Structures are given as C-alpha cells and as structure tokens.
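Over in TrEMBL, the protein carries these features:
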type	residues	note
DOMAIN	38-151	domain 'Tyrosinase C-terminal'
REGION	165-192	region 'Disordered'
COMPBIAS	180-192	compositional bias 'Gly residues'
Amino acid sequence: MSKSNMGHTSGPESDQHFEVNAGDSAALHGAEKDNLWEWTARVRVKKYEVGGSFLVELFLGSVPTDPRQWRTSPNFVGAHYVFTNSVPGRGDAEVEGFVDLNDGIAEHSGLDSLDPNAVVPYLTHNLDWRVQRAGGEPVDLASVPSLEVTVFATPLTWPPGSDFPVPGERRAHRGITAGRPGGSGGADAGSS
C-alpha cells in the first residue's frame, strides 16, 4: 500500500492493510503473536479552518524545510486529507482520520518491539506533522488551533487457528504529542 493511502481505516481494503501491517511488523522484529500492537495517529481538525482543501502530513524523523519535498521525504509516513467545497455548510464541522504508524516505526526506529515501553519514547522524540494546502502552500500550525494529533496503540491477540488478529481496547497515548502545536491535550486515558 502506498504511503498516500495510509489514512484509510474502513472498508475491505483496511482489513487487508491491517493484516499485512500486523504480520509484517511482527515478522520483521521477531515478535511473538501474543505481543502485537497496532499504532495509529488520529488527526482531528475543523474542516473549514484552513479555508480550502488541505492535508496533515506525518513524519518520523526530521521534516524537510522545503514543503515541496514533504511527501517524497523518506521520513514521510502518511497523511490525512481534508477535502472541502467553497461554501462551508457548518464552519465548525470536525473531521477525523487515522494514519497507520506501524510501517514507519518498523522502517525508521530500529526497535525490536512494538511494545509501548519501546515505542512511546521513540514517537515522543520523532513524530512530527505539518499542514499543507492542496496547492502545496504550507500552513502555520498556529493558524489551525483545532488540529489535534493523538497517538493510539491497540493490543492485538492472535487466537489459535485464526487467520487474523483480534484487536483489544484502543489506548490513547496523548503525552506523545502533548504540549506542541496541533498536539493532543490532556493526560493519557482510555480509548476516547
């Protein structure tokens, strides 16, 4: 699956994507089937706040200074796209989407595990994001006050004889992005 499609979380394609990510990440790191995790970043933002269509791009590692290089950067891990029309029906309408982080963590981190004890410190120091208009112009994060990027980890179990992992309760790790423009507010909590 290409990096530009990593924000999709519903429909038949997501089931295939989910299976591949869980299996690839576990195989890559030699993880046991009883210690699997699915890491995602939830992006929430007011749909009309930027004044046109835009995207929120996520990176693991440094972000190029030239916005034309953002989507081709080796540190780019995915994006959430927000498409708007020219006549907002509800100026306060919020949209949200999820960007898979497992492939990026496996590719960039050098970690031997997707366990939160290993991944939380890595993401805290390496996860970054930018906002860009559909035409390529960067948007200052301070001008998008509704933007909230929150990281979630979902434990997975692999029942004997099952072809697919079974997700457990999703856990928010708000501290990873808290205190930064567009980061999560509040303390770590359950699945909200």
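Numbering starts at 1 and runs along the chain as it is shown here.
Quick reminder: no glycine exception, Cβ is built from N, Cα and C everywhere.
A mean pLDDT of 93 is what the model gives for the domain 'Tyrosinase C-terminal' (38-151). For the domain 'Tyrosinase C-terminal' (38-151), the DSSP-based tally of helix, strand and coil residues reads 24 helix, 43 strand, 47 coil.
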